[in-house]
Every structure is written in C-alpha cells, then in structure tokens.
Amino acid sequence: MAHHHTEPQITVLPPDTAKIKKLWMTALILLVITVLEFIVAFTIPHEYKDLRVWIFITMTIVKAAYIVGEFMHLRYEAKFLLWSILVPIIFIVWMLVAFIYEGVAMADGKL
Amino acid sequence: MASTSATATASWDGGSSPMNASYGKLMMWFFLLSDAFTFSALLITYGLVRSSHAAYEGAVNAFSFSQTYWPVPEKVFEAVPFLHGMELPLVFVGIMTFILIMSSVTMVLAVEAGHRMDRVAVEKWMLWTILGGLTFLGCQAWEWSHFIHGTEAGGVLRDGTTFFGANLALNQYGPPDFAAFFFFITGFHGFHVFSGVCLNFLVYYNTVMGVYDRRGHYEMVEKVGLYWHFVDLVWVFVFTFFYLV
C-alpha cells in the first residue's frame, strides 16, 4: 500500500467474558438493592423512622462500595491510591455528624 | 497501566509510579474527591435545614402540604409522565435510577472494550451510554417542569393564598427551603450529567476518528468513565437522602 503515513497495526483482543459477566453481576446487585430500598420504603411504616433511615444508609453505602470498587475499579488499584481517596472522606463523616447535631438542636430551640 | 508487581517495591524517589496510575487518571480521582466534598456540602446542609424544621407527625395517608412542616418526599414526587392524576410515589425516580445504573454498565463495558483496542465495541457502548445520559436528562427536565408548575390542587401559603408549583422563594409543597434545595441539589447533579454527556460524546467522536487507535491506548475512555460513574454514585446518595429518607 502506497500510503504516506502508515495506519497503526491494531490487535483487537477477544472479549474478557469472565470480567464482563462480573460487571453485569455488579449491575444486577445494584438494581436488586434499589428494589429492596423501594420495598423498605413502602412496607416499614414511617413511625419507625430511625430504623428506616439506618437501613437506607446501609444500603446506600453498599451500593456506593460496589460502584467505586467495581465500576470505578478502585478495589484493584494500588493500595496507596485507594487510601488517598478513602481517608479524606472522614471529613465528610464529621461534617455530617456535626451538622445534623446542630440541626436537631435548632429544631429543639436550643440555638 | 497494566498492573505489575513492581508497585510493591516502588519508591517515592522518582523514576517510578508509586500509585501505578497515569497523571491524568490520578488527577481525575482527586478532582472527583473534591467534587464529592461539594456534593456532600449540599446534601449535608439539606440534612441540617431539614432536621431544623418540624417533621410531619401524622399518618402518611392523611398527609397534606403545609408550610409548617417538612413534606414527606414520597408525597411530593408521585407523578409519572402520561399517567396524569395517578398517585405513583417514587416510581418515576425509580425509573431514572434504573436508567443511570444501566448507563453506568454500558460505560464500564466501553472501558473493557477499550482495554482490548476494540474500536467498534467502544463505539457501540459509548452510544448506549450517551443515550442513557440523554434519557436521564429528559426525565429530569420533565420532573422539574412538573415540580415548577405544581399539582392541580396547589397548596396554601402562610398568608392564606393558594400557590401552585414552586420557585426559589415560594412553593406549595412545604417550607421555602424545600424547593430551594430541590433545585440546587438535583440541578447541580443534572449539570454534572449534562457535562458527562458532553465528555462522553467527545470520547465517542475521538474513537470514531481513530484518535485512540493512533495513540495506541483508550485511557481517555477510562478517565471519562470515572467521571460518569461518579455522577451515578452521587445520584445514589441524592436518591436516598432527598427522595427516600
């Protein structure tokens, strides 16, 4: 072929079926947890507010772990990278605790 | 990019990559961390303001909109397109969640295809991802429109007048802050989805033009993929703390 620039030689590898299956499994888990959240939302009465909230928070954290760990591949990255991303989250946790504490105090008329 | 056993012995003295990731990928991670702080600030402030307002104490079935307590979300978000007048609590948000999760899978499949240098498969999965993103944005546009225009009955404001829908100052659903947070949180997330769709399109275009084949790797798909999964991740939290709790 008399091209002036040669197109790069590309070797296409076959699909990694084990990996693809795992990705679909992750998606299935995420969907099942979401369906469970709906079931909880409409079966556990609103009177059990604390129980509902804690179930929702737990399920949300599980979903987040699957998205970050599997989809974003963080579970398989170098450990130093993993902790560089996870450790700063502690500031978010502290902000959450402090702000909700403050909000409840405001509702009680203490502030 | 390929993980090697060299990581374990990598030093910080230079000449090696202790985090075993490219500069671009690392910076995407740290950008996303900072973005997580921004979204947390919005959601946690929502938590503060909500818990500082009186909660609705009565039976959920007897709920009605009032300015004196925070609304029950499932009573606010119960409309679905084409099913006017039917009470379908959280069904539409559920559909939106499903769409976003599915578009996250197609994105990660595009990344997998990129690792194998399979241009045709990358194109296919990127198109599905873009379609999912656009569908989500369409759903959100409908939801905003419905929220702004309100229900047929409307709600009574503090001065006794009836108000329909919502803006940043007044709304029929509850205290003014409720609508303000709806607009800011879902709006900020929607803007992320919009920029994600733009980036996805850019990657699709470059793939079609053979840019990544010439470059010899598809790492851009991976980097934009990280951003797209983050958008999905944020939605998981918005869904829980704005719609479910």
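A Cβ is built for glycine as well, from the same backbone N, Cα and C atoms used for every other residue.
What TrEMBL says about a protein is an automatic prediction, not a curated fact.
Per TrEMBL, these features apply:
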{"type": "DOMAIN", "residues": "B:1-245", "note": "domain 'Heme-copper oxidase subunit III family profile'"}
{"type": "TRANSMEM", "residues": "B:26-49", "note": "transmembrane segment"}
{"type": "TRANSMEM", "residues": "B:90-113", "note": "transmembrane segment"}
{"type": "TRANSMEM", "residues": "B:125-144", "note": "transmembrane segment"}
{"type": "TRANSMEM", "residues": "B:178-205", "note": "transmembrane segment"}
{"type": "TRANSMEM", "residues": "B:226-244", "note": "transmembrane segment"}
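The stretch in closest packing with the transmembrane segment (B:26-49), judged by the count of Cβ pairs under 8 Å and taken from B:90-113, B:125-144, B:178-205, is B:178-205. Cβ atoms under 8 Å from those of the transmembrane segment (B:90-113) belong to residues 73-74, 77-81, 121-122, 124-126, 128-129, 131-133, 135-136, 139-140, 143, 200, 218, 221-222, 225, 228-229, 231-232, 235-236, 239, 243-244 of the same chain, restricted to positions at least 6 beyond its ends.
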